[in-house]
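Visitor: Below are the features I grabbed from TrEMBL:
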DOMAIN    8-235  domain 'Band 3 cytoplasmic'
DOMAIN    283-810  domain 'Bicarbonate transporter-like transmembrane'
REGION    232-276  region 'Disordered'
TRANSMEM  316-333  transmembrane segment
TRANSMEM  340-361  transmembrane segment
TRANSMEM  397-423  transmembrane segment
TRANSMEM  543-561  transmembrane segment
TRANSMEM  581-599  transmembrane segment
TRANSMEM  630-649  transmembrane segment
TRANSMEM  675-702  transmembrane segment
TRANSMEM  730-749  transmembrane segment
Amino acid sequence: RLLSLSFSDLFLDHMISQKLLQVELKDSVRAAIVAQHCFQHQKSRMKMSNQDAEAGGKVMFRSLSMKRTLSEIGRTFSMKSKGDMQGSAGKIKENPSSQLNLDVMNGDLHESPSVARLNEQFMRKIPPGAEAANILVGEMECLNYQIVGLIRLVEGRNIGDITEVPIPTRFLFILLGPLGSQQKNVEIGRSMSTLMVDEVFREVAYKARNRQDILAGVDEFLDQVTALPPGEWDPKIRIEPPQSVPSQAPRRQAKPSAGKLKWEDEDDEEESHCDPTLQRTGRLFGGLVADIKRKLPWYLSDFKDALHIQCVASIIYLYLATLTPNVTFGGLLGQATDQYMGTMECILTAAVVGVLFALFAGQPLNILGSTGPMLVLEMILYNFCKDNELDFLPFRAWIGLWTALLLIVIVAFDLSALVRYITRFTEESFASLIAVIFIVEAFKKLVDILDVAPINTHRDAVLNYTCDCFPPNTTAVNLNVSDNATVSAVMSSLLESQNQTIDFFNLSSMCVNWTAIPVNVCESAGGFPVTVGCNTKRYIPDAFFLSVLLFIGTYMIATFLTDAKSSSFFPTFIRQTLSDFSVLIAIIAMVLTDYLISIPTPKLEVPTKFKPTRDDRGWFVNPISDKNPVWLIFAAVLPAMLAVILIFMDQQITAVIVNRKENKLVKGSGYHLDMFVVAICIAICSVMGLPWYVAATVSAIAHIMSLRKESDCTAPGERPTFLGVREQRVTALMVGILSGASVLFTTVLQFIPLAVLYGVFLYMGVAALKGMQFIDRLLLMFKPAKYQPDYTYLRHVPIKRVHLFTVIQSYLPCWSLGYQIHQSFVYCVSNYGAVNMFRSKSLRLHLYPEGAEVAG
């Protein structure tokens, strides 16, 4: 039986009291209501029992169950075939229909176990917490008019076989008509299902108090519905779901005719960039305390939520994606500071600040890393100390301590609230600048492989590699070589001592064949290579071309597998797994390709020993130096102020990008807490003589993209719904730990070609640009009007204004294209970009003071 007798009696008594049903038909209608029915997934209709046929006449009862889910599973209601719909053609008697809006109390409807064969395939597509609206239609021989009722339960209840899957029922729509009306009844049921799918009407159904509220919801739906004429469209053709669905907020703003309904979000403020957590408290460290109180309840879940295979893929991806910048940045920093800070220092910094920020930050989805402005600042400080004969590391330590103190002052007075003035204009300008730098830098690094593995463009030329070693003309006493010394003895002595300082003497009169000494040992032995062949380039056949293939292959495989989750191949679980591990699969595939081909392409080089780059410095810096005057301690506050500006801009703009509403973060932000942790990290790095790391925009965006969650319960044919991001601390924590342990993985890391990591650079840069409104508007400039997508802003703003706004916004990112002029220009651009951010924001506030907080 479908429904309990108490429920059917309650429904029928109400219909009789309203004079919508004759008393003598009560038993027959009750038998029809509680009769068995066939589900949509069943191929044939269930046979009616003889008792039901005798009690209720010839009855056909069909259920159109509508699931209330986040992904709107109910949009797929359709009959499998018209052959399933039985019923003789006949004219339906037109009688006044009735609609019942009835709240059934808890005691009136009892839960009963399900005995039907469940639709397991459909059950997997329904998320937890879903409720059903059952649409029940049928025809009866004893009726000569229609009976219609809409029942709403006070709370969802499991009422047995009424649904094809065991989920609570909240709504029931019952429609019974005379014989011959089944086709029409089914279409009415499908129309009711469509109404319940609509999010606005569904809210009306949940909040309606009487029949007038329901009718007002139907009228509003009909005003907004789009109809296709039967002769203009073939119903057998499936309409693909749209990429995005427009907001229904304008429909909610219209007042219902009854005037009694209250919308859930009618008090929502206009979408703006003003985060409520960025309001100044007026108390010392008030914002910091509020951030701690907000994040503390989520702290334990930040570790529990990481128990997912997707986090493993994110850890490996981010580790390899951040290791290469650390190594590259360390090499550049070593050149700029005479090896006072090099690759080893950068790796240690990534470990220290990565672990601290992951454990204590307000937004652990941020990833701290090296940035261009910091490199420029380090280079300027070192050159200043070198020109004035000052100790670099002690002076830098005082600058770092002053910087940390000033950042703590910013936290104390809630000055991070200024972030609310950073709009989409500034966000996307900054993010696109960094992304373009990543993309072009990836190609630039790929071309730099030519310096290590050049291409022989003159294949017919005869290459002379003859290079002889000639003896020196100086004298010394360190090598014990007799007149009877052989070449092998001299060679072994030279090879053992080539890493030491050697004073050489004139060996020209001894029995030593200097021409047999290898060129790489010649200079160590005090000799000098002569002849034309010494300067001939050493060509490595096909090394550069293989690097190009590895570069392109890494990017293409990662992109293809990332997009595989939206393809039609393989089950959902396999597609999702391939998408999560796309970058790792691409790296492994290209590393194996390089290993099997066995062409000596340039590989990643990581320090093998945990020690400072320079032997004359330790891991802790004494801020007091005899070479530095005392007044320099207080003068360090001036460069510290510049460092504060750069750090504040880099850190907070990246934090704003991570905390966007589009990312659907639920655990809240922590701008003040983030800045406080960064200040502590800078103080620690200053005392240890390590580089200063701040939020890295592209790495943070890559972190967000690698942790995106999409609905697993999407109906066939519908696009997955973005649910949010896995907010946790474990991925960033493990990236920091693995970065510090990189010196232990050198036997594995040495097999990774640099071209593969440059391909990851390209993937990160391109992925960061996807979905940016700025990029969409930039592409509009190259599309004819008839091919332009239906963006919302194009409906309200003239296209010329859109192009003008895009040109102005692209002013800052276009500066990044100029870094090909000089090797370090990219970092100067990054430095100059922070100043431009302030200028563009000031101009925006001056021109549009009222709309300064509106995103866009």
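Cβ atoms here come from the backbone N, Cα and C positions, even for glycine.
Can you walk me through where each of these features ends up in the structure?
Guide: If you average pLDDT over the domain 'Band 3 cytoplasmic' (8-235) in this model, you get 67.
Long-range contacts of the transmembrane segment (581-599) within the same chain: residues 313, 316-317, 320-321, 540-543, 546, 550, 553-555, 557-562, 564, 706, 751-753, 755-756, 759-760, 763, each at least 6 residues beyond the stretch ends and with a Cβ under 8 Å from a Cβ of the stretch.
Using a Cβ-Cβ cut-off under 8 Å and counting only residues 6 or more beyond its ends in the same chain, the transmembrane segment (630-649) has close neighbours at 373-374, 377, 381, 390, 395, 398-403, 406-407, 410, 623, 675, 678, 682, 692, 694, 831, 834, 837-838.
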Visitor: Which stretch from 340-361, 543-561, 675-702, 730-749 shares the most C-beta pairs under 8 Å with the transmembrane segment (316-333)?
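Guide: So the stretch in question is 340-361.
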